[in-house]
Amino acid sequence: MIKAIDTIVAQATAPGRGGVGIIRISGPDVEAVAKVILGKVPKLRFAEYLSFSDQHNEVLDQGIALFFKAPNSFTGEDVLELQGHGGPVVMDMLIKAILSIKNLRGANPGEFSERAFMNDKLDLAQAEGIADLIEATSEQAAKSALHSLQGEFSEKIEQLVESLIYLRIYVEASIDFPEEEVDFLSDGKISKGLYQIIDNLEAVKKQAKQGAILRDGMKVVIAGRPNAGKSSLLNSLVGVERAIVTDIAGTTRDVMREHIHIDGMPLHIIDTAGLREGADEIEKIGIERAWQEITTADRILFMLDATTTSAEDPRQIWPDFIDKLPKSVGLTVVRNKADLTGEAFSMTENHDHPVYRISAKTGQGVDLLKEHLKDIMGYQGHTTSGFMARRRHLEAIDNAQRHLLEGKVQLEEYKAGELLAEELRLTQQYLSEITGAFSSDDLLGKIFSSFCIGK
């Protein structure tokens, strides 16, 4: 347990008027605060209805007091919670009275959670789960954040780390005892253990990607030539008319963004200017911005006017566009105006690209497209949600995976035990960054400073 010098105080409930306002105090001088504000130290883990007074015994409010003794508290320190009336003036008066006591100061953003982390009450991924639960914008995201808070993500990472430690011991034993008759590097046990870790890490990576989408949303860019129906599709997905729609090519000249949820799954839908040569200066700027969005998208909805072509292969339709796309960006072909061509509103696969036939104007086939977007995001319906993940988690997993695969090369091609051991060590180091078992002070400061004050 890390011993704190300061005792900190902050309002734990949101600022503003409310029926109840909660003030949280944590640190070594909590009992001194209780004696001043309450006139006594409350009974441990027992709700007492008391008056809240200042140092001059003037009553400021009355409510419930809860006292938790270290280490049995959220922060692992002595903690006092005062639950009073939620008016901003009352809260401010009470906090000022508490701050007038020696060794008290206002808490920094996320400092209560940081102290909980430092005192091993929760790991870094769980601490981030608190912030993600508070900031969740959908039911699915809230459930996933709760699973992270409850340690589901951390447990998977710890299982991987334990497997790595066991494998490292075996590899390093083969290095330290070369005189043994058994060739540890060739007996199959190391390769079997390594392949199992590679498979398990890939499974966790897939879940983490879904968790990151739940937290940050999936960026879907609608792109195509002018007058293909891009703005009509945006309006249909959003459910209201956000974009101006006309028969004039080039009506959309700038990027338009809308944030929507499809069954709790967050999407950032981006409508872009029609891509063409020979546009005027204003439209050219819009096209440049469109390409900026396209290259950073998670998914491209490639819009076609079905009345102008029967082709479905995007490379056949517009090879230059496909060549400019980053390989990491997924593509879905959308044949719009199928109501005019008589095509069935359906989906087929063509050269690894799904093709959807819709009418953005009438909305026919759009529900099928929505189901497609949900599937891409890993929608799980009413089944148990996965865990929440952040971009730093994905980066750590990517780095760990890179070193793990390099270790596989060292084992299979070179039988280099020392280099394999080093790659396993680096893999473990990156995975341990996720839970905070191995993290720099700069990283911790950046993470906790993004939390709410009082958390």
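From the backbone N, Cα and C atoms, a Cβ is placed for every residue, glycine too.
Here Swiss-Prot flags R24, E81, K121, K455 as (6S)-5-formyl-5,6,7,8-tetrahydrofolate binding site. K455 ((6S)-5-formyl-5,6,7,8-tetrahydrofolate binding site) is surrounded by 21 other CB atoms, counting those within 10 A of its CB over all protein chains shown.
Take the CB of N227 (K(+) binding site) and look out to 10 A: across all protein chains shown you find 21 other CB atoms. Taken from Swiss-Prot, the feature K(+) binding site applies to N227, T246, I248, T251, supported by sequence analysis.
The number of other Cβ atoms within 10 Å of the Cβ belonging to S231 (Mg(2+) binding site), over all protein chains shown, comes to 24. Among the features that Swiss-Prot reports, GTP binding site is placed at 227-232, 246-252, 271-274, 336-339.
Taken from Swiss-Prot, the feature Mg(2+) binding site applies to S231, T252. Secondary structure at S231 (Mg(2+) binding site), taken from DSSP and collapsed to helix, strand or coil, is helix.
Annotation comment: Swiss-Prot describes 217-378 as domain 'TrmE-type G'.
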Subject >> Listed in sequence order, residues not in R24, E81, K121, K455 with Cβ within 8 Å of the centre of the (6S)-5-formyl-5,6,7,8-tetrahydrofolate site Cβ atoms >> reply: A12, S26, S73, F74, T75, V79, F112, S113, A116, G454
Original post:
Do you know the mean pLDDT across the domain 'TrmE-type G' (217-378)?
Top reply: 87
Subject >> K121 ((6S)-5-formyl-5,6,7,8-tetrahydrofolate binding site) in three-state DSSP notation >> reply: coil
Subject >> DSSP-derived structure type at R24 ((6S)-5-formyl-5,6,7,8-tetrahydrofolate binding site), helix or strand or else coil >> reply: strand
Subject >> Those binding-site residues listed as R24, K121, K230, K337, and which of them has the most Cβ atoms within 10 Å of its own Cβ >> reply: K230
**OP:** If we count other C-beta atoms within 10 Å, could you say which of the binding-site residues E81, A273 has the fewest?
**Re:** E81
Original post:
Is K455 ((6S)-5-formyl-5,6,7,8-tetrahydrofolate binding site) helix, strand or coil when read with DSSP?
Top reply: coil
Original post:
In Å, rounded, how far does the Cα of S231 (Mg(2+) binding site) sit from the Cα of A273 (GTP binding site)?
Top reply: 9
